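Colleague: One structure follows; several queries about it will come next.
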Amino acid sequence: MKNSIISYPRIGANRELKFAIEKYFKNQSSKEELLKSAKDLRIRHWQEIQKAGIDFIPSNDFSLYDNVLDAAVLFNIVHTKYKNLNLDALDEYFAQSRGYQGENGDVTALAMKKWFNTNYHYLVPECDNADIIALTGDKIFKEYLEAKELGIESKPVLIGIFTLFKLIAFKDEKTQKLAKEKLLNAYIELFDKLNELKVTWLELDEPYLVYDLSKEDIALFEEFYQELLNHKKDLKILLQSYFGDLRDIYPKLLESKFDALGLDFIEGKQSLALIQKYGFAKDKILFAGLINGKNIYANDYAKSLKLIKELQKYTQNIVLNTSCSLLHVPYSTEFESKLDSSYLKLFAFAKEKLQELKDLKEILNSSEENPLFRANQELFKNIPERLDEKVKARLKALKKEDFTRTPSFKERALIQKEFLKLPLLPTTTIGSFPQSTDVRSNRLAFKQEKISAQNYTEFNQQKIKECIQIQEEIGLDVLVHGEFERNDMVEYFGENLKGFLFTQNGWVQSYGTRCVKPPVIWGDVSRTKPITLAWSKFAQSLSQKIVKGMLTGPVTILNWSFPREDISLKESTEQIALAIRDEVLDLENAGIKIIQIDEAALREKLPLRKSDWHSEYLDWAIPAFNLVHSGVKAKTQIHTHMCYSEFGDILKEIDAMDADVISFEASRSNLSLLDTLKAIRFKTEVGPGVYDIHSPRVPSVEELSLTIEKILNKLPKEQIWINPDCGLKTRAYEEVIASLKNLVTATQKIREQL
């Protein structure tokens, strides 16, 4: 019995990669220094995985920004606008990631989307010229040879041709048709080069196979691989899937020329049933994904061994594997000195999951009952308390009307128009303002008890004053307090709710250099005291203009935390919804007229198969949001915000959230959502983000005016709000002020024309 992992976190034990790249962005280090830091990390990770006794060690899973972009660059799928900048390869790569504004030109970044049902974001490759598609990159070969120098025969990992093709945004059908042929030739050349290097195994990741596949999808997959697998020669190919099961294509895969199939037994609801129904091919190896790559709880060896025993009825050729990349979990529990051992023993981050794979291999390869098995089973005895009877009773007492807001949207809109007295095309921001070093230092000093609560509060109040003043000077219509007290929109609420646990160093990559530290939902959730009330009241006292109350919604708190596995996601979400509802009502009672409840991650846990959307998710996720705001008066305006997902196919459900205003990311996706909003007669007022805050470039007044005009061509002027596409926390003040001034100027200019 051997073991394997799909891929490993690349940010490093202490986010070394993030800091190395950011230094390069700030011109504080050279290209050579950045590449050396990256190589050092790769070597450290390979040695760590090797030391843990993993048999199939991945290479090419490392990335300076995003592995989808890496695959696109490998095959020269780079839009002409980036080629025309005439930058070197590294800076062209980062121009695609972040946009570019300088002496060589001014271009926006590639669109960013959620990676399937995770909180990782990938960059959408753009292809406007298929003629240039070819194997021009060498990253996959270089990194294989780096590992080889360490004495490691690695398994290069690459996004498969079918998934990559499905993720690319093509200019038109003609380009797409040519790209199909060119990309196939490029993959064939890749196979040839890997054969020249005498590579043993290549892992091709095809997560797109876990979606609902059409006949056309299956035909395309077969067309690609019937040709491609004829060119594998001595190279062994592992087809790796994750985030679901392969029900639409599994029987065909058994007949294919793949040497191994990687199946997910955590999220793949039908993976075991498919094997029980169709068996497994004698000429293939089963890479069994039984270590959860998306959650942090320790593996129960009894359950894993039971699964292996069942699988062995159908094949003896089994490799123990992770269910998906370990990118989605933190690096190691080694760095958690503050978390009580009664909790910590039940957690397994990436490094600990390597140990779990090693243990399981050893247990399966030994004849008598192994002490490793007994030690694992001991973990699950005497678990700390999780239940709160008051929370259970409150959930039980909920009635149908608790999930419905009255009066109707139409009636509320008239009442709010009279009450709020906002101009046409009201301008606002999404919530957070830049967090400078002194803001972070103040928060850290307070956490470490180096300053008093009074000093901490006074510092933040001064920052709020400055933030309100800046917004008033710019001329925004609806203000925010800036969120200087918050480290992260989910972690902050978790810290102030009962039922959550926190790590010191549990960082996970969200995109590029952005890392998040998800809280852990351990027990029943409740609010013991107001969370944002004092900050919102203080901010509102500073201005005659409306200052929004800012909250994070229950679905996002759930989706951006590591969830419990002992109760349903529905129950966890409703517990959080009741806690946030209490906060909403406190804000309203304090005179806060607009309350924003962000649901940035609404789409994240939406099942990948449409047949499961409602029964497994939307039927409880949308009502949970309704529960949060259903108790407010008609005159109180409820906003929500969503970002970096595809919403076109769930807009009716989003409308059913019954918010009064929704803002969403639209700038990177070229406002393509607006046509759908128009088509379904979306009732909610909308703020399609008019510029991309994830890029350092400052949009001009002309550019913003054109964007606003585009929006006005699609939607009624009474329905539109003008705002950036996301919070401004990660940007510098000079970029923010310049961009917002241009936003207000452009809006005023357009108002004069209406």
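Along the chain as shown, the residues are counted starting at 1.
A Cβ is built for glycine as well, from the same backbone N, Cα and C atoms used for every other residue.
When I checked Swiss-Prot for this same protein, it listed these features:
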BINDING   R15, E16, L17, K18, K114, R514, C515, W560, E604  5-methyltetrahydropteroyltri-L-glutamate binding site
BINDING   I430, G431, S432, E483, D598  L-methionine binding site
BINDING   I430, G431, S432, E483, D598  L-homocysteine binding site
BINDING   H641, C643, E665, C726  Zn(2+) binding site
ACT_SITE  H694  active site, proton donor
Colleague: Where G431 (L-methionine binding site) and the residue listed as 'active site, proton donor' are concerned, what is their Cα separation in Å, rounded?
Modeller: 15
Colleague: Among the binding-site residues E483, D598, E604, E665, whose Cβ has the fewest other Cβ atoms within 10 Å?
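Modeller: E604, out of the binding-site residues E483, D598, E604, E665, has the fewest neighbouring Cβ atoms within 10 Å.
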Colleague: Which site among R15, K114, H641, H694 has the most other CB atoms no more than 10 Å from its CB, taking these as recorded positions?
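Modeller: When each Cβ's neighbours within 10 Å are tallied, H641 tops the list.
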Colleague: Between L17, I430, C515, C643, C726, which of the binding-site residues has the fewest other CB atoms within 10 angstroms in the structure shown?
Modeller: C515
Colleague: Tell me, how many other CB atoms lie within 10 A of the CB of S432 (L-methionine binding site), whichever protein chain they belong to?
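Modeller: If we count other Cβ atoms within 10 Å of S432 (L-methionine binding site), we arrive at 23.
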Colleague: Determine the Cβ neighbour count for G431 (L-methionine binding site): the number of other Cβ atoms within 10 Å of its Cβ.
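Modeller: Within a 10 Å radius of the Cβ of G431 (L-methionine binding site) lie 25 other Cβ atoms.
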Colleague: Relative to the mean position of the Cβ atoms of I430, G431, S432, E483, D598, the recorded L-homocysteine site, which additional same-chain residues have Cβ within 8 Å?
Modeller: T429, V480, M489, M550, Q596, H641, G727, K729
Colleague: Which of the three DSSP-derived classes (helix, strand, coil) applies to L17 (5-methyltetrahydropteroyltri-L-glutamate binding site)?
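Modeller: DSSP call for L17 (5-methyltetrahydropteroyltri-L-glutamate binding site): helix.
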Colleague: Looking only at DSSP and grouping its letters into three states, which state does D598 (L-methionine binding site) belong to?
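Modeller: DSSP assigns D598 (L-methionine binding site) to strand.
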Colleague: Would you mind pulling the longest C-alpha to C-alpha span across I430, G431, S432, E483, D598, which the record has binding L-homocysteine, in angstrom?
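Modeller: Overall maximum Cα spacing for these binding residues reaches 13 Å.
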